[in-house]
Structure formats: C-alpha cells, structure tokens
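> Before anything else, here's the structure in question.
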Amino acid sequence: MQLDSIDTALQALKKGESIIVVDDENRENEGDLVAVTEWMNDNTVNFMATYGKGLICAPISNAIAEKLDLNPMVTHNSDVYGTQFTVSVDHIQTTTGISADERTMTARALIDEQATGSDFNKPGHLFPLIAQDNGVLSRRGHTEASVDLAKLTGAKPAALICEIMDEDGTMAKGASLEAFKETHGLVMISIEDLEKYRKSSISKLDAKAKVKMPTEYGNFDMYGFTTDNSEEDIVVIANGDINKTENVRIHSACLTGDIFHSQRCDCGEQLAASMKYIAEHGGMILYLPQEGRGIGLINKLKAYELIEQGYDTVSANIALGFEEDLRDYQNAAQILKYFGVDSVNLLSNNPKKFESLESYGIHIAKRIELIVPTNAYNQDYMDTKKEKMGHLI
C-alpha cells in the first residue's frame, strides 16, 4: 500500500481536506476518512456521507467532553476495542439534525469556546468519541489518531471521521482503499506511521552539568539538562549507582508547594518523602518544569481563584480552557534512557505516569506508593485526585 508522509497529511488537513487513515491489519484493518473540525470545509460531511458511507463520528479530547457534559453512551463499555462513545448530539439550532449542513453545524459547535452542554440536544445524529490523552501512544485507534492530527496542525483537539465502505457494503481494505485514494485524490497515511512520527519528535536532550549536592536528607549527585522543546531546565538528583532498574520519582515543579510549603496541595510533602526514600534506598528524582500540571504558575493561581469560588482542581483547569492534565513524560523517558535505565520502581500514585512512561519504552517494574498526610486545606484536592483523576490514594 502506497502511503504518504505525515507532513503531507498535515498540510492537506490544514487546507480543509479530508485524508485517509488506515490502522493495523491485525486490528480493525480499516480506512477512515479524517478531517480536522477547525479546518474542515462546508462539504466535508456530505463527502463523508456520500463516499465514505460509514458512521460519521466526532473524536474530541476529554477536556471538551467534560466541558460540554458529554457522558459515556453506556455505563459498561463492552466494545472490543474500547471505543469511548458519548451520548450522541445535535446542536439546538438544528431541525432534524441529520442533514450534512446540520451535522456540520453540530461538529463546529463542539469546538465553540462559548458552548455549554445546554447547547446540544441528546440523543442526536453526531457521535462524539473521547480520545485518550496521550493519543496513539496510548491507543492506536482512529479516534486518537484524528485528535493527534488535529493537535499537530495547531487546531483544537477535535475531528470528524467516517469508515470507508466498498460498493458491496463491506469494509474497504488494501487495493480498494488505494483505488479510493486515487479516485478522489486524497492523502493516505497509517496510524503506525503517525505513532512513529510522534515518537521521533521527541526533543533534543543535552546534559549540561553535574555537581555534588548535600541536602538535609543526604548527599546526592545533581545533573542539569536542557531540551529544545522548553526554555526551562530539567534537574535530576541521584543517589547511588544507577542501574537498569531504578527507584524513580518524577516530580512536577510546584513553586507554591515545594518552595513556599503551601498546604493547598501535597507536592512539597511528596518531594520530601521522595528525597528521604531515595537517600535511604538509592535512585533518582527527575524534577520537571510542569507547574500546575502543565498550565504554568500564573494559570495555576487563576485556577486557585476558581477553586475559592467552588470549583475543584480539575474543573478549574477545564474552565480556564485547559485539559485536566497537560503533562507529558517524553523528556522523563529520554533522561532515564540517557542513564541506561529502561525499567523503574516508580514512586507515584498517578496511573497516567505509568501509561505515558510505558508508551515511551520504560517498563514499570513496581509501583511504590507515596502516601503523605492530608490537611484541612488540601482534603478536597486529594479527594478530587482520587475520584476524578484516578490517583491511587
């Protein structure tokens, strides 16, 4: 099968064109038409319905789904591939909701920054799908691929997809997809190539310094790294001989907690507990510049303002226009590989860290729980991390 490059696909999507995305022959082994919602043209839905002939769905990020109160279609998902359908929707200004124009209206409303859940009738004729946060590095499906492509074009994380069917009603595969591509002059890529593209875009890492660092917890070696995807530096402290399997804490910088000992969070206490553990048992702490789960210090303070008005730590980030957690651990995985570490005993309560590291080739040999005392100021925060973010506390 003749495939195009990911860069060619991104250029086509930015022009408002649909492309073909094929998945693994050992998975669904299908081709989907994909368009980015923000860039799509007025004929996109009609083209998909006329020539694709499959179910037109609208992959979106989890943040959009939460913002619009789009709940799962079913309580217990038994789909063999775990596709995360939400309840179907029509925009409230549609009539029947099924026409190409009205499904286009509904799709565009999903990415309207002013839209709320009350702007949609449920059920409807457009089927949102929730993509996993780390895209094809977590799940190699068309849902994640289309949202990854949207992000890579600089658009909001939303797309339209539609399976391509043959004239006889069976799913188009192989030669049929190639013929479809030629007939309609479309770009065609694979999810496998998209996954490789994302992994190959990992930043350049440079080790700049190494010093001895005595602390109240013990003596450490401190390393300084720079990357080409951040203006902020990364610090690593290590104790003992570094082995292929290592005790590791990946800690996101928290000025308020780590430096000013804020009681709004548990970050400072987790850092202290990690340093004590590494001082006693050996290992490494990677200190990443990911303030406020990636939204930055000022936005974190704005989130605190919303929390004082009754929001929780997740809904506050979403209200500011962010996903609940923007962090990615590519740089952490690179640093571990720099030290020859490919397997870790991870000091963490956050399952997303496990998933992200494993997607970058770091094996999680064991989880070391990191439980610290709560207080009257951070109890709601801790409850939200457990109930909404799945933290193991």
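All residue numbers here begin at 1 and follow the chain in the order shown.
Backbone N, Cα and C atoms are what each Cβ position is placed from, and that goes for glycine too.
The active site, proton acceptor feature in Swiss-Prot is assigned to ASP325. Taken from Swiss-Prot, the feature D-ribulose 5-phosphate binding site covers ARG27, GLU28, ASP32, ARG139, ARG140, GLY141, HIS142, THR143, GLU163. Residues or ranges marked as Mg(2+) 1 binding site by Swiss-Prot: GLU28. Per Swiss-Prot, Mg(2+) 2 binding site is recorded for GLU28, HIS142, and the stated evidence type is sequence analysis. If you look up Swiss-Prot, you'll see ARG249, ILE250, HIS251, SER252, ALA253, GLN270, GLU291, GLY292, ARG293, THR313, SER348, LYS353 marked as GTP binding site. Annotation source Swiss-Prot lists Zn(2+) binding site at CYS254, CYS265, CYS267. According to Swiss-Prot, the feature region 'DHBP synthase' maps to 1-200. If you look up Swiss-Prot, you'll see HIS125, GLU163 marked as site 'Essential for DHBP synthase activity', on the strength of sequence analysis.
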> DSSP on ASP32 (D-ribulose 5-phosphate binding site), three-state: which is it?
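Assignment for ASP32 (D-ribulose 5-phosphate binding site) reads strand.
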> Once the chains shown are all counted, how many other Cβ atoms turn up within 10 Å of the Cβ of CYS265 (Zn(2+) binding site)?
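Looking across every protein chain shown, the total is 21.
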> Taking just the CA atoms, what is the gap between CYS265 (Zn(2+) binding site) and ALA253 (GTP binding site) in Å?
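That separation, Cα to Cα, works out to 12 Å.
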> Would you mind reading off the Cα separation of ARG293 (GTP binding site) from ARG140 (D-ribulose 5-phosphate binding site), to the nearest angstrom?
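Computed Cα spacing between ARG293 (GTP binding site) and ARG140 (D-ribulose 5-phosphate binding site) is 25 Å.
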> Using C-alpha atoms, which one of the recorded positions ARG140, HIS142, CYS267, ASP325 comes nearest to HIS251 (GTP binding site)?
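Result for HIS251 (GTP binding site): the nearest of the recorded positions is CYS267.
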> Over all shown protein chains, what is the count of other CB atoms within 10 A of the CB belonging to ARG293 (GTP binding site)?
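Neighbour count, Cβ to Cβ under the 10 Å cut-off: 21.
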> Average the per-residue pLDDT over the region 'DHBP synthase' (1-200) and send me the rounded value.
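Averaged over the region 'DHBP synthase' (1-200), per-residue pLDDT gives 93.
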> According to DSSP, does CYS265 (Zn(2+) binding site) fall in a helix, a strand, or coil?
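SS state of CYS265 (Zn(2+) binding site) = coil.
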> Cβ-Cβ under 8 Å from HIS125 (site 'Essential for DHBP synthase activity'), same chain, 6 or more residues apart: which ones?
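Once residues fewer than 6 apart are set aside, HIS125 (site 'Essential for DHBP synthase activity') is near SER88, ASP90, THR96, GLY97, ILE98, GLU102, ARG103, THR106.
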> Including all protein chains displayed, how many Cβ atoms other than that of ARG140 (D-ribulose 5-phosphate binding site) lie within 10 Å of its Cβ?
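For ARG140 (D-ribulose 5-phosphate binding site), the count of other Cβ atoms within 10 Å is 18.
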> Specify the count of other C-beta atoms within 10 Å of the C-beta of GLU291 (GTP binding site).
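By my count, 21.
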> If one looks at the chain holding ARG249 (GTP binding site), which residues at least 6 apart in sequence have a CB under 8 angstroms from its CB?
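Spatial neighbours, sequence-distant, of ARG249 (GTP binding site): GLN270, SER274, TYR277, ILE278, GLY283, MET284, ILE285, LEU286, LEU346, LEU347, SER348, LEU370.
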> Out of ALA253, CYS254, CYS267, which of the binding-site residues has the smallest number of neighbouring Cβ atoms within 10 Å?
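Counting other Cβ atoms within 10 Å of each of the binding-site residues ALA253, CYS254, CYS267 gives the minimum at ALA253.
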